[in-house]
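**Q** The structure's right below; bear with me while I get my questions together.
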């Protein structure tokens, strides 16, 4: 007969649940767990190879942090016995062996600690894979990803050299990669049509200037004529009888080296009958020398800061004018060309006129283009045999070596001049290419470069001359990787495009933020003196209205 056994009921008046542990479960260890944990945590060998860190600990849990199931090695005191503690001399092999054993013990201890806190241990092969993945990821981001996006954010949109109006029509567009492929070899030897002006001789004492014997840059008040093509009386006279394309060396150098430019610039083109005239706008910034234009991080200060792009350009132009005259033997004997300076009036003092000579040269480009260019020399130099060499004098200026990956000229110019010129070529590639093209067009034997730095980084009004350097234009062109064939190819391409246009006025404009130049057709009266007078009158009327 079945017998009913009354169960033992535990009464817990002060709480909920049993108040004592049953006998069969008294010595059994227990560790809290979660029924929501994923299965497979024990045998997860793939966790070390996860590329996304979000899935590295997908089997981890907030439970299981206890040490109920952890194994701890306890020493058995029953086996304790006294031993001889006398120290014996150990061999080098034994010392190294103990050192490796201690390192292995520390590694095992760290591994046990990581297991205790559910940290994932990567095997040796997985560690190497992870390091290789991180290295490749950083390399990729440095070359293509993060760095490029950061540069795009840091670059501010640049302003155009002239405001493009709504009634201007785009006639042609040329991108720089296309222009860089141009080549033209059918260029005849230049012929001198007329030479004007007078040049002062170069003072060779400036070749001995070093950073230890620096020389202050003086402010020399002389008149520099920057007359555009159509205002030149000699070109007007020559245009009646010969030539069908006319320009100045500065304008042609801008076009021939345009693929290196970053800032915006513009050139006015006038098609009169079968003739082309390349001009610059009046009161434009065309003659200002840019500073660090092609650097990775060009100057971006705004407002009245002396390190803003425009103020730096004005400072560089000021330095270039003063150095080109200070390094000459001013007030002494001059080298006179057959004709006088066409821009100097009879009542003007010759000592107030800058040392400059104009050489009007003629090139034959193929069978249909007769190019006449006004080129310039800045000085003359006597050689060892008493011969005369014409030179172009230009100036590189240091404004702050901490910017644009610059090099401190006072420390490197004498010992590592190659590093200085390499940095300048990187930061001012377009400016150096323009100067080289001007020297090649003029036929100058040498290109003199002066190194001028600020007296103090924060003072843009005082400067010192730290040294000079001399180059032959052809050799310097190869050093700066300037292809003369490509330069003539770009010029021939621009001339052919303009020759296909109808008679009128056009504008060649470099896009301020893209590697593109465009040709715009301009309405009648654009950039004329009458239009400028009307704009000035409108500005004066607006100022009077504001005052009232």
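Even glycines carry a Cβ here, placed using N, Cα and C.
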**Q** Among 270-284, 285-299, 300-314, 315-329, where does Swiss-Prot put the label region 'RNA gate'?
**A** 285-299
**Q** Please report, as numbers and ranges, the same-chain residues at least 6 past the borders of the region 'RNA gate' (285-299) whose CB is under 8 Å from any CB of it.
**A** 151, 154, 161, 226, 250, 254, 260-263, 265-267, 307-310, 312-317, 320, 397, 399, 403-405, 426-431
**Q** Near the Cβ of residue 528 (phosphoserine), how many other Cβ atoms are there if near means within 10 Å?
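**A** For residue 528 (phosphoserine), the count of other Cβ atoms within 10 Å is 13.
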**Q** Please count the residues of the region 'RNA gate' (285-299) that DSSP assigns to helix (H, G, I), strand (E, B) and coil.
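**A** Here the numbers are 0 helix, 0 strand, 15 coil.
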**Q** Note the mean pLDDT of the region 'RNA gate' (285-299), expressed as a whole number.
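**A** Mean pLDDT, the region 'RNA gate' (285-299): 90.
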